[in-house]
Amino acid sequence: MSEIRLNKKAYIHNLMQISNKAGGKERVMLVLKDNAYGHGAKLIAAAASEFGIKFCAVKSQSEALEIQRNFEKILILSHIANGDEDQNFIYAINDMKGLNRIKRGTRIHLVIDTNMHRNGLKFSELEAAFGPIKERGLALEGAYTHFRASDEMNADYFVQRQNFKEAKAEILRLCEKFAMPHPIFHSHNSAALERFGEFDDDMVRVGIAQHGYAQFDDSLNLKPVLSLWAQKVSERVLKAGQCVGYGAKFCADKDINIATYDLGYGDGLLRYAGDGELPLANGKAMLGKMSMDSFSCEDAGEWVCVFDDANVWARYFDTINYDILVKLSPNIKRKFV
């Protein structure tokens, strides 16, 4: 049976590095959406809670319910307001309609569109937003934005940061006008945390960095947490001239000992079609086309590490490490080691 092994020492190291850069554990909100980026939300939530993280963000209410006992506060990022919100959670408001559809008295964070144009209220909508917030008894606990290019060397980050600074000032003015408590503000994602040393927000909101993947530079000295392992199903000698797998994509030029391992694209891996060389963690190449539930390679023993750095697969498939990690099937066993 294939399995995902999570290095707990590496995870705690990453949390320590992030907390130190942010100015304390209390200033860190961990993003655990999509099964904690494929790592396993329940395991990661337990470890983060044990470390002392009190606040996390997830995609949906169903995700929040899975890890509710681990955190004091959970922000739901992608909820579509329906009037049936849970008072134990905090909900992101992604447009003006959400303010009128969400259950009265709900705890909310306003999303501010500072130039990404994906979700959020425009600056010009802020004053109008405070009407329904006040009238419907919504608890405005926070406001945030998302940087579209904090990992790129251009002016986008600085434009958005200035726009958010102006939005924060306007929100504070409106809080005074409507006699409401001041909310917390957050904007820095993993790349922004790595890139900049000064923060004028209350919290940072970190996703991929907790799992050991730097998005801008390696200043935090992060360590990958996840390694993917497959167990041997069978073994054989592939004779010179014989081919393995669908389409006979790999043919041996000499006798080699090969094995089939129990992991394939049905487990959430991008499908290797046998073109070029896709190295496993031991440096040996996958041989032939990947099957739905298995792949072949030179015999590496009872277990083989498929990867311990998602960047290797991301480079081969011309994608990003998020894409490799988040697709890993929730059916694969996960454990801390």
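Just so it is clear, glycine is given a Cβ too, placed from its N, Cα and C backbone atoms.
What Swiss-Prot records for this protein:
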ACT_SITE  K33  active site, proton acceptor
ACT_SITE  Y246  active site, proton acceptor
BINDING   R118, M292  substrate binding site
MOD_RES   K33  N6-(pyridoxal phosphate)lysine
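Structure coloured by features recorded in Swiss-Prot.
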| residue | record | Cβ contacts under 8 Å, 6 or more apart |
| --- | --- | --- |
| K33 | active site, proton acceptor | A57, V58, K59, E63, L77, S78, G207 |
| R118 | substrate binding site | H146, R148 |
| Y246 | active site, proton acceptor | G288, K289, S291 |
| M292 | substrate binding site | G264, Y265, G266 |
- Query: Under DSSP, is M292 (substrate binding site) helix, strand or coil?
  - Reply: coil
